[in-house]
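Asks: Grabbed the feature section from Swiss-Prot, which reads as follows:
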CARBOHYD  Asn5  N-linked glycosylation site
TRANSMEM  16-36  transmembrane segment
TRANSMEM  59-79  transmembrane segment
TRANSMEM  87-107  transmembrane segment
CARBOHYD  Asn158  N-linked glycosylation site
Amino acid sequence: MLRNNKTIIIKYFLNLINGAFLVLGLLFMGFGAWLLLDRNNFLTAFDENNHFIVPISQILIGMGSSTVLFCLLGYIGIHNEIRWLLIVYAVLITWTFAVQVVLSAFIITKKEEVQQLWHDKIDFVISEYGSKDKPEDITKWTILNALQKTLQCCGQHNYTDWIKNKNKENSGQVPCSCTKSTLRKWFCDEPLNATYLEGCENKISAWYNVNVLTLIGINFGLLTSEVFQVSLTVCFFKNIKNIIHAEM
């Protein structure tokens, strides 16, 4: 009786954690697909050659797909108490654990490289911004405008970065997104006291660092849950085995 009660309790917690993993797997797949397919967001627009976005997207989609698969297998194994499926389930969780460790290491080691890439790309976008010969870059200019308006900043270091832009009607102009203006055009003539003086670099770096730390924190939380899930699966497996032996 006690052994049966223990089995029910372990099964309940296994299904609970398994359901949470299923939702997370779907979220990983969705986020990975969004990064891969949406070319109108800040992350993809400044990574033209897909040095970072494609590998990260593929890892997220692969990890999400495998998570959904092992959750479905796990549900069948747990519900029907199929021992070989429980072994497969534990192995797949261990594999996902290893992939997440690699992903965390990749994010940490590439952090400075990603920041340098964005730094160089923003400099390039500033120099080409508003060019009549580059209509294909309008998406990048729009994203830069959204960044400057949302973060209330101007240029990479400050508003003087826009001096190097040669597409203005006069040298004193800055993008309308650098000001409190609501005009929908590339450049505006606004006084200095109506212009955002702080550069965007520090604000983007702060945003990026916070999100990287958040992502790593979530990842380590998942790793802990996976260790707990594997331990529960092993306990469940042993409990089923003991029940079978007791009934023989």
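Counting starts with 1 at the first residue shown.
Keep in mind that glycine also has a Cβ here, set from the backbone N, Cα and C atoms.
For the listed features, I'd like the structural context: burial, neighbours, distances.
Replies: If one looks beyond the transmembrane segment (16-36) by at least 6 residues along the same chain, the residues whose Cβ comes under 8 Å of a Cβ in the stretch are 43-44, 53-54, 56-68, 70-72, 74-75, 78, 222, 225, 228-229, 232.
Residues of the same chain lying 6 or more positions beyond the ends of the transmembrane segment (59-79) and with a Cβ under 8 Å from any Cβ of it are 11, 14-15, 18-19, 21-22, 24-33, 35-36, 85-86, 88-89, 92-93, 95-96, 99-100, 102-103, 106, 233, 236.
Spatially close to Asn158 (N-linked glycosylation site) yet at least six residues away along the chain are Leu197, Glu198, Gly199, judged by Cβ distances under 8 angstroms.
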